[in-house]
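**Q** One structure follows; several queries about it will come next.
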Protein chains: 2
Amino acid sequence: MLSRKDLFKDTLRKAAHAWKRIIELRLSEEEAHMLRSYVDQPAFTDLHWGMFIPAIKGQGTEEQHEKWLPMAYKMQIIGCYAQTELGHGSNVQGLETTATFDPQTDEFVIHSPTLTSSKWWPGGLGKVSTHAVVYARLITGGQDHGVHGFIVQLRSLDDHSPLPGITVGDIGMKFGSGAYNSMDNGLLRFDHVRIPRNQMLMRVSQVSREGKFVQSDVPRQLVYGTMVYVRQTIVSDASCALARAVCIATRYSAVRRQFGSQNGGPETQVIDYKTQQSRLFPLLASAYAFRFVGEWLKWLYADVTQRLQANDFSTLPEAHACTAGLKSMTTSVTADAIEECRKLCGGHGYLSNSGLPELFAVYIPTCTYEGDNVVLLLQVARFLMKTVSQLGSGKKPVGTTAYMGRAEHLMQCRCEVERAEDWLKPSVILEAFEARAFRMSIACAKNLSKFSNPEDGFSELSPDLLEAAIAHCQLIVVSKYIEKLQQDIPGKGVKRQLKILCNVYALHLLHKHLGDFVTTSCITPKQGALANEQLRLLYSQVRPNAITLVDAFNYTDHYLGSVLGCYNGNVYQRLYEEAWKDPLNDTVVPDGYLEYVWPILKQHIRTARL
Amino acid sequence: MLSRKDLFKDTLRKAAHAWKRIIELRLSEEEAHMLRSYVDQPAFTDLHWGMFIPAIKGQGTEEQHEKWLPMAYKMQIIGCYAQTELGHGSNVQGLETTATFDPQTDEFVIHSPTLTSSKWWPGGLGKVSTHAVVYARLITGGQDHGVHGFIVQLRSLDDHSPLPGITVGDIGMKFGSGAYNSMDNGLLRFDHVRIPRNQMLMRVSQVSREGKFVQSDVPRQLVYGTMVYVRQTIVSDASCALARAVCIATRYSAVRRQFGSQNGGPETQVIDYKTQQSRLFPLLASAYAFRFVGEWLKWLYADVTQRLQANDFSTLPEAHACTAGLKSMTTSVTADAIEECRKLCGGHGYLSNSGLPELFAVYIPTCTYEGDNVVLLLQVARFLMKTVSQLGSGKKPVGTTAYMGRAEHLMQCRCEVERAEDWLKPSVILEAFEARAFRMSIACAKNLSKFSNPEDGFSELSPDLLEAAIAHCQLIVVSKYIEKLQQDIPGKGVKRQLKILCNVYALHLLHKHLGDFVTTSCITPKQGALANEQLRLLYSQVRPNAITLVDAFNYTDHYLGSVLGCYNGNVYQRLYEEAWKDPLNDTVVPDGYLEYVWPILKQHIRTARL
C-alpha cells in the first residue's frame, strides 16, 4: 500500500538491515545468499551479488579480480549489470553502446550514439549502483570487435551524484503494486565517458596499449558453464514459486466449501470437485516434477564443470540445449500456473492478501530474463534438428537426446495399453513420450527438407518447431521423474505418493497434448481415452494426501504471505482482520467525501469546486 | 503511482466531475453511461447505475419504483448491490444473512448471524454507498423462504456515518497497482438492523402485514431476461478489451525489430516472425469473432425480450445456456489473451506504461463476477446433456443447439479435405466443428449412462463435460462469424480480410484442440496437418493488413493508454520521456540514500541506526 518512493525507501532499509545482520553474524556467502532470498523482495543487492560480482569473476583477469572484488565483497562499491538497451534485449550482438579505444590517452570512450542505445532495465542501476559492468561494442582503430564488458563508475562515492557525461535514472513503474517496483530498474546514457583501458574485462579478449585486439586462448565455451549454472537455479526457483502457489490454492480449496449441502449438512469442500482436482493436482504434480528435474540439473552442472576442467567440451551443446529448454518450459508453466492457482481460489484470490497477485507479478519477468522463453525454445529446436540430421552419420546422440539413438524402434513402436491401469507402467509412459517427441522432431526435419533454403524453412516452420521442442522438454521432465522413483526414497508411503504424482504429471500432459500423441500414431484415440480415465482415478488417490503433499513444502505462514493459504485454515477470520488494516479504513468517512460525494448527494454539484 | 488513499480520493473526484458534466450537458442515460465508461476506471457509480437501480427496477413494485428511483436517478442516494458474502459467492442459495419479519412492528430485522455471513466484495459499499440492495434469507413465522432483496440504508445522509447496528468498511487491496483499487469493494455486517416491511423488493414475492409469504404470478423466468442482457454486454466488453490488448501488441510488434539484420541493414520487425504471428494473429481474429458474436447476442436479447412479452418462454433455456457459455468462454480467452499480448511485447510489456499490466489486472475479475466461468460452463454442459437425452423424444433442439437435430449425419459425416485450401470452405469448417461438438457431447452422455446415479456421473465426469461445453461454445462463435460473412459488408476488400480472419480463428482452434477433432474421427491426422499448413499461409495474408485491422478498432492514444501501442509508433521516444515522470526521478539522489546506502558504502553499517 506504499507509494513508489516509500516502497523504494523501505527496500533500501531492508537491504541495509540484511547487510548489517550478515556482517554481525559473519555469515558465509551461501548463508548470506539465503538470508537475502528470504527477504523475498527484489532489490539492488540481487544484481550486485548475482550479476556484477560474477561478471567480474568470470570475465575479469586475475589482476582485475584483485583490484575490484575486495571492494565489491565489502560493498565499498555497489555494482549492476548494464547489458540490455532500449532497442535490444534478446539480440545481444545488436547492442549499440560503443567503447572506442583512444590510444592517445590509453582510455576507452563509452558512448550512447542513439536513443535506442540507452541502457534500459538493469536492476540497481536507476538509483543505487556506483558502478556497472557495461556491455558495449569494442572499437579499436575503426574496427568493430563486437560486444565486450567494461567496468564503469557511474556515481560519485562522495555524494552519489552521477559522474560527468552520465545520465541515469529509473525507468518507471512495473506490473503489480509491489513486485519489481522495489527495484530501481534503470536507464543509462553515456556522453563520451572515459575509462582507463584496464577496466575492460580482459579474460577472454584483450586490447593492448597500442590498441591491438587479441583473443586469448581461454575457451569461449566456458561462458556456457555459467549459463548452465544460472538456468539450473532458475529451474529450482520455478519449482519453489510453483509450490508456493499450489500450497495456497490447495489449502484454501480444502477450507472453502460451496454447493452440495444435503439436508442442512455442510457444503462440499471445493477440493472434492473433479473440476478443481483436474486443474489443481497437475500443478501439484508439476511442482514436484520441477523439483526433481532441478535436482538433476545440479548434478548436470557438476558434471559439466568437471568435464570443462578436463577440457572435455563434448557434452556442452547438449547440456546447454537441455538447460535452455528446461528454463523456458518450467518458467512458462509456473507463470501460468500461479495465475491458475489464483483462479482456483475464486473471488478471494483477487485480494492482494491472498499472496497470489504479487507472486504472479514478481514471477513473470523470469520468462523474459536470462533468455526469452520463445527464443530459447527455438535454440532447443535448432539443436534437435541438428541431432536428427546427424543420426545417419554414426554420431551418437548423448544425454537427454540419447533416446534419438533408438530411431528405428521409436518410429515403429506401438503403445501396448489395453486397460486404463496399463498407463501406470513407467516404461509405457516413457516410450509414449519418447516416440511422440522423436516423431515430432522427425516430422519437422522432413518438412524442413522441402525448403531449398534451410533458414527460410526454419523460420517458416518455427511454430511447429516450438511444439517439437516442448515435447522434448516434457520428455526430459517425465524421464527424470521416473529415474528419481528408481532411487530409494525415505519415509513410509512417500514413494507411493510420488509415484501417483508422477503418473498425474505424465498423463495430464498426454491429455493436454492428445493431438500430438494421436496424430503421430504413438497412441490410439482409445488409449487416449483410457489415459484420461486413469487420470481421474489418480486424482482420487491424490485427494486424501493433497494437504500433506503441500505441507511437505514446509513453508512458514510468514514466508507464504497468504491469508488464504494459512496453515491452520482460519481463513475467514484472517480475511476479516486483514481488511481493517487497509488505509481506507483509517477513517469512517473517507478523505474526499466532503469535496466530492456530499455535493452530489445534496444536489450541489453544479456549483461545487472539483 | 498513488497510494491507496490518494487513488481512491482521485476516483471520487473523477466521479464527481463526470456527474457534473452529465448534468451540465443534460446527457441521456445512454450518453451518461458512455461518458462514465470512458473514464475507464472502476468506481462506485458503476454499481449505483449498473446494479442498484436495475435491481430496484427489476425486482421492485411500481410503488417502490416511485419512491426510490427518482432519488437514485438524482443521486440523492447512492446505492450498491450487496449479494456476495465472505463464505458464499457462486452458491447464492447458501447466503446466510437473515431478514426476519417482526409482525409486532411490521419490520424486517436484518442480521449477520456468522462471520461468513459478512457481506464481502460489493463495489461502492466500502466507503461511499448510502444504501444497498441487500440479499438475505427471508424468514417469516420461523420459516425460511430463501434469498430475497431488501433496500437498506447504510449511512446517514447528514454526516455519512454508518447507521446503528451497521459495521461497514473496505476489504483491502486487490490485484494491480490501479485496477480495482479505485473501487471501495466493501464488507458489511448487520446487528439486528430494522427496516420497514415495504423495503423488501416485492415484485416477485410478497410478505403481507400479517407476515404471510406470497409468490406473485410474475414469471420467475423474467430474471433470465436480465441475465441474458448483462452477459451480452460482458461479451461485447470482452471483444473491446481483447481488441485493446491486440492493438497494443500488434503495433508494437511492427515497431520492434530484433535479429535478422543482414549486411548492416535493419533488423526484422518481430511481427514478421512466424512464432509471433502464430500467437498474435489468432488473438486478432478472436477480437473480431467476439465482436460479431456480441452483435448477434444483442439480437438474441431483443428476440428473447419480445418473446417474453408474448409469454413465450420456449427459447429461454437455450438462450440462457448460450449466453452463459459465451460469457465464460470469451472472458476466459480474453483474460489469457491480454497476458499473452503482454508477453508478445517482450520485456517492455512489463512496464506499467505499456498499459497491459493494468488492463490485465482490471479485466480478470470478469471471469468471476456474474457467474464463475467454470460454474457457468457446467450449466452449459448440463443443458447439452439434457438436449442430447431428449433427441429421441421428438423434441427438436432450437437455436444454437439446432445442429444436434442432425444427429445421424453428424455421427457419420467424414471431413472431405484433401488439400490445404479445402480448409477455406466455410461448410467444411462448420461441419467439422459441429461434428466435434456433437460427438463430444454424445461421448459424455454415453459415459454418464454408465453411472447408476446421474449426479455422481456428472460430478465424476465434469472435466470432460467442461471440454464438451467449450467445444459447443467455440462452434457458436465460429458459426456466427460465418453467418456474418454471408451478409453485405461495406468497404472495399473488408469482407476478404474478415474472411481470412474467420479462417484463422477456426483453424487455430482446430490446431489447438486437434486431439478432440482427431479422436472423435471428425478429421484425420493428415487433414489436421493440412489445416496447420493452411493456417501458416493465412498468417502471411493477415500480415500486410495487420496494422490496418487494429487501427480499425479506432482507439485514441489517450484511451489506449499505452506507450507501446501509440498510433505514430514513436515508441522509444515515448518510453524515454515517460520514464522521467516516475517519482523516483524527482531527485538525483534517492530518499533513503543517507540513512541506508551511505553507511554501507562507507563501512559504517555496524553502527548505523536503521
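Every residue gets a Cβ built from N, Cα and C, even glycine.
According to TrEMBL, the protein carries these features:
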- A:2-78: domain 'Acyl-coenzyme A oxidase N-terminal' (DOMAIN)
- A:80-181: domain 'Acyl-CoA oxidase/dehydrogenase middle' (DOMAIN)
- A:THR84, A:GLY123: FAD binding site (BINDING)
- A:224-385: domain 'Acyl-CoA oxidase C-alpha1' (DOMAIN)
- A:GLU370: active site, proton acceptor (ACT_SITE)
- A:426-602: domain 'Acyl-CoA oxidase C-terminal' (DOMAIN)
**Q** At the Cα level, what's the spacing in Å between A:GLY123 (FAD binding site) and A:GLU370 (active site, proton acceptor), rounded?
**A** 13
**Q** Once the chains shown are all counted, how many other Cβ atoms turn up within 10 Å of the Cβ of A:THR84 (FAD binding site)?
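**A** For A:THR84 (FAD binding site), the 10 Å Cβ neighbour count is 20.
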**Q** Just to be sure I understand, if DSSP states are collapsed into helix, strand and coil, how many residues of the domain 'Acyl-CoA oxidase/dehydrogenase middle' (A:80-181) fall in each?
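**A** Going through the domain 'Acyl-CoA oxidase/dehydrogenase middle' (A:80-181) residue by residue, I get 9 helix, 45 strand, 48 coil.
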**Q** Sort the residues of the domain 'Acyl-coenzyme A oxidase N-terminal' (A:2-78) into helix, strand and coil with DSSP and give the three counts.
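**A** Within the domain 'Acyl-coenzyme A oxidase N-terminal' (A:2-78) the tally stands at 60 helix, 0 strand, 17 coil.
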**Q** Within its own chain, what residues at least 6 apart in sequence put their Cβ under 8 Å from the Cβ of the residue listed as 'active site, proton acceptor', listed in sequence order?
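**A** Listed in sequence order, they are A:VAL230, A:ARG231, A:ILE234, A:LYS327.
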**Q** Tally every other Cβ atom lying within 10 Å of the Cβ atom of A:GLY123 (FAD binding site).
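**A** A:GLY123 (FAD binding site) is surrounded by 25 other Cβ atoms within 10 Å.
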**Q** If you average the pLDDT over the domain 'Acyl-coenzyme A oxidase N-terminal' (A:2-78), what number do you get?
**A** 96
**Q** Could you say whether, by DSSP, A:GLU370 (active site, proton acceptor) belongs to a helix, a strand or a coil region?
**A** coil
